[in-house]
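Undergrad: The structure that follows is given in the form of structure tokens.
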Amino acid sequence: MTHPVPEDDGNDDSASDERGGGVADVPVAGSVEAFIERLLDPSVLAARRLSAGLTPAWRKVSGPEPRWQVSLVLAVAIVLQILLPRHLTISPHWLLPAVQGLLLVSLLTLNPAGKRRSSSSLRTFELIMIAVVSLANAISALLLIRGLLRGTEGSDAIGLLKNGGAIWVTNMIAFGLWYWQMDRGGPAERAKATREFPDFLFPQMQSHELAPRDWHSSFIDYLYVSFTNATAFSPTDVLPLTPRAKLMMMLQTVVSLCTIALVIARAVNILK
């Protein structure tokens, strides 16, 4: 006796899928696959390499900047202030140079080899040191100008030129230090590349052919900016971009112009 074979109506698979929660209802992770494909796409990789190559070095994270240049010019500024005559400094004559010397020793103790990238205490000491140098030199410049206007200063042309030159050089050092600490938040922030827009525009930042690929501004660059501004009384090849940079350069120009003009005029008058 034969039994009829039941016909396959095609519903068993769907029924089993419904009973067992079949894989037909599980979505395919297309977004993940698309992400992996884009990640491994040669054109995407090439675009990323090109973008990394076009990013200038001064916009990238870099190592800490050496501090020996800063320590050297600070020592020069202290020596120049010690060499000034007593009537061009506040009393006692040794007070401000001694304070500057202690601050310089503290800076060398905090960062002896210039290896620390960022430190709030280090930056605080540097700013205090620069402020003390600027204050001492401003006092000397005002006393010199007052003596020239009253006719009590400048009986000796050679001595006048020496004193005026010492004040002018210290002024150049002080403003170079201010520019160095100002641009993009100072050396520590520049090393971390946290600020995108600079305060000063160097030629190396405008054309990659003018400098090595790993070029970063250093203290010598800012000292040069201060020197050219103090001699030309205006920006030369480096342009100030932010209002604070422009105001600082204006202030330096006024101080330098007054000092040089009065000292040279008085010296020429004495020599006649």
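Note that Cβ sites are derived from N, Cα and C of the backbone, with glycine treated the same way.
Curation plays no part in TrEMBL annotations; they are all automatic predictions.
Among the features that TrEMBL reports, region 'Disordered' is placed at 1-23. Feature annotation from TrEMBL assigns transmembrane segment to 68-88, 94-113, 125-145, 165-182, 247-268.
Describe each of these features in terms of where it is and what it packs against.
TA: If you look at the transmembrane segment (68-88), the same-chain residues 6 or more away from its ends with a CB under 8 A from one of its CBs are 94, 96-97, 100-101, 104, 107-108, 114, 126, 129, 133, 136-137, 140, 143-144, 147, 159, 163, 166-167, 169-170, 173-174, 176-177, 180, 218-220, 223.
Note on the transmembrane segment (94-113): residues 67, 70-71, 74-75, 77-78, 81-82, 119, 121-122, 125-126, 128-129, 132-133, 135-136 of its chain, located 6 or more positions outside it, place their CB under 8 angstroms from a CB of the stretch.
For the transmembrane segment (125-145), the residues of the chain that approach it from at least six positions outside its boundaries are 70, 74, 77-78, 81, 84, 87-90, 96-97, 99-100, 103-104, 106-107, 110, 153, 163-164, 167, 170-171, 173-174, 177-178, 181, 255, 258-259, 262-263, judged by C-beta separation under 8 angstroms.
Among residues of the same chain six or more beyond the transmembrane segment (165-182), those with a C-beta under 8 A of the stretch's C-beta atoms are 70, 73-74, 76-77, 80-81, 83-84, 88, 123, 126-127, 130, 133-134, 137, 140-141, 144, 199-200, 219, 222-227, 229-230, 244-245, 248, 252, 255-256, 259-260.
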